[in-house]
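According to Swiss-Prot, the features are:
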{"type": "ACT_SITE", "residues": "Asp235", "note": "active site, proton donor"}
{"type": "BINDING", "residues": "Arg46, Gly47, Ala48, Arg88, Gln194, Asn245, Lys246", "note": "substrate binding site"}
{"type": "SITE", "residues": "Cys155", "note": "site 'Transition state stabilizer'"}
Amino acid sequence: MPVEALYWKDGRLYVLDQTRLPEETVYVTCSSYRDAAEAIKTMRVRGAPAIGAVGAFGLVLGALETGGDRESFLARLREIAGVLRDTRPTAVNLDWALERMLARAVETLGEPGALRAALLAEAQAIVREDIEANRRMGLFGRELIPDPARILTHCNAGALATAGYGTALGVIRAAREAGKQVKVFAGETRPFLQGARLTAWELMREGIEVVLVADNMAGYLMAREGLDLVIVGADRVAANGDVANKIGTYSLAVLARAHGIPFYVAVPLSTVDLRTAIGRDIPIEERDPAELTHFRGRRVAPQGVAVWNPAFDVTPNELITALITDAGVLKPPFGEALRRAVGSGRRE
């Protein structure tokens, strides 16, 4: 069974600590919005939809800590949302979820007690809707999967990265549930090893055939093994269809184009940012140099070496075969298709 990345119980948020996988399955307790912010910042939880859900519940935790009259309560909520929003800048779901939560608070009549109840209901709706969206993506996307299929994926876009079921891995799950034979090649995804630690673990739990490969093997893998497709998730999609995803995605898209292999991005509409016109306008998070210079606490690079460690890159829309969304499969040109899909299929 797919694992839960997060759940709410008795006024607390429980987050699966993904930094400890695959060795340990441990949930950390978030009792305050600061705990939720720390879980996001330290990548105990990661993946754009999952980050959005944790941010939403983080605002609920903040509301439970906040008193005063209605106006002071709303002002404090905005401050807490700012703290949560600043944890990771690239994944747009976090900002989207927080804006949705704040809008729900403003439109709810009554004093703080009523607002707290409304916020909890909204956070639970965000989780429920994400799972439903992922399952719809799976149904749309599985039609693109041949039988049998040899698939390369990158990072982790499964149940661990979402409220449940997954985006890219959700499509693979749906194909498997439809009786198709799939073999997945999981890129290790340096430097945080989400592919090695998380994707391989998820797929093995469900009995889906998976082969772990080093990131720098991708070109040779495509030339040697005759892949049927590459499928990844996304942390933000610009209005023109450019996609920000885990560092290394752009390289895979270039290689896929060179080898004539379809390159698909599975993404819920909550990850589409129509306010960002093109990919180069997407803010790219840069992380701690120690993620490259150290491995499990041990230095593996010379002391004092310069490090550049962007967590994401941007894949131009012209390298993308299709966007698999919860509103259907979108083909290029993506601009108008995204505007129509968001306008008809997403709650703002």
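Using N, Cα and C of the backbone, Cβ positions are placed for all residues, glycine too.
If you measure from the Cα atom of Asn245 (substrate binding site) to that of Asp235 (active site, proton donor), you get 5 Å. In sequence order, Ile51, Ala91, Cys155, Asn156, Ala157, Ala161, Gly233, Asp235, Ala311, Phe312 are the residues of the same chain, not among Arg46, Gly47, Ala48, Arg88, Gln194, Asn245, Lys246, whose CB sits within 8 A of the CB centroid for the substrate site. In sequence order, Gln18, Ile40, Asn156, Leu160, Ala161, Gln194 make up the list of same-chain residues 6 or more apart from Arg46 (substrate binding site) whose Cβ falls under 8 Å from its Cβ. Comparing Ala48 (substrate binding site) with Asp235 (active site, proton donor), their Cα atoms are 5 Å apart once rounded. Among the recorded positions Gly47, Arg88, Cys155, Lys246, the ones whose Cα sits within 10 Å of the Cα of the residue listed as 'active site, proton donor' are Gly47, Lys246. Non-local contacts of Cys155 (site 'Transition state stabilizer') by the CB criterion (under 8 A, 6+ apart in sequence, same chain) comprise Ala161, Gly187, Thr189, Gln194, Gly195, Thr199, Val232, Gly233, Asn245, Lys246, Gly248, Thr249.
Taking the Cβ of the residue listed as 'active site, proton donor' as centre and 10 Å as the limit, one finds 32 other Cβ atoms among all the protein chains shown. Cβ-based crowding with a 10 Å cutoff singles out Lys246 as the top-ranked of the binding-site residues Arg88, Lys246.
Residue annotation for substrate gives Arg46, Gly47, Ala48, Arg88, Gln194, Asn245, Lys246. The furthest Cα pair among them is separated by 17 Å. Within the same chain, the residues at least 6 positions away from Gly47 (substrate binding site) whose Cβ sits under 8 Å from its Cβ are Ala5, Ala91, Asn156, Ala157, Leu160, Ala161, Thr162, Gly233, listed in sequence order.
Under DSSP, Lys246 (substrate binding site) is assigned to a strand (E or B) in the three-state scheme.
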